[in-house]
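Asker: Here it is: the structure, laid out below.
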Amino acid sequence: MSMSSLKLLKYVLFFFNLLFWFCGCCVLSFGIYLLIHKKFGVLFFNLPFLTLGNVLVIVGSIIMVVAFLGCMGSIKENKCLLMSFFVLLLVILLAEVILAILLFVYEQKLNKYVADGLTDSIQRYQSDNSTKVAWDSIQSFLQCCGVNGTSDWPRGPPASCPSDSQVKGCYIKAQQWFQSNFLYIGIITICICVVQVLGMSFALTLNCQIDKSTRVLGL
């Protein structure tokens, strides 16, 4: 590979990670916004940290760290940073694969756990304002009521429930939404994996070319 090709690869990897870093900033900022304004509260009492804001903060932070290593490693042609970037992407990719397998294997148990957690959270609707906001947002967005239907609300359905007497529960509506958007979710997931593999390939190729250039220059 010529020096011009090496520079092209270096800058492609740099701008790729720079865009990746800005995406991480957006995700982190949105997560912080949700945490400050408490747009979505805790729906799972046994997992109080599992809120949309916390998840977005963690994901955004990981994206920013990985992208920073990729940016600095490529622009400075630093082998240590490039290999750290490669290893982190590999770990994330493996974690995604393992998570997908676990979700497939324990699908029934997970469904029951989610349904039970949502049912428990209904009991805190009146006492916890953040839980109230979360339920109101979900019911308004999905046009649903309760977990399995209006009968889940001991004091009667709240104002956020649709007035339709045949309204479905949010758990069923969420499953239907996922199934109807399964193709798009699958495409997005595959694209993310492809981007990760490309980033790993670029980092490994650039790292190898740095070695070759160093030997040619006799350093």
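Yeah, the Cβs are placed from backbone N, Cα and C, and that goes for glycine too.
TrEMBL annotations: computationally assigned, not manually curated.
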Asker: Of the cysteines Cys144, Cys145, which is paired with Cys161 in the disulfide recorded by TrEMBL?
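Answerer: The record-listed partner cysteine is Cys145.
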Asker: What residues in the same chain, six or more past the boundaries of the transmembrane segment (182-206), come closer than 8 Å to it by Cβ-Cβ distance?
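Answerer: Residues 6, 9-10, 12-13, 16-17, 20, 70, 73-74, 77, 82-83, 85-86, 89-90, 92-93, 96 contact the transmembrane segment (182-206) from elsewhere in the chain.
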Asker: Using a 10 Å radius around each Cβ and counting other Cβ atoms from all shown chains, which of the disulfide-bonded residues Cys145, Cys161 yields the largest count?
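Answerer: When each Cβ's neighbours within 10 Å are tallied, Cys145 tops the list.
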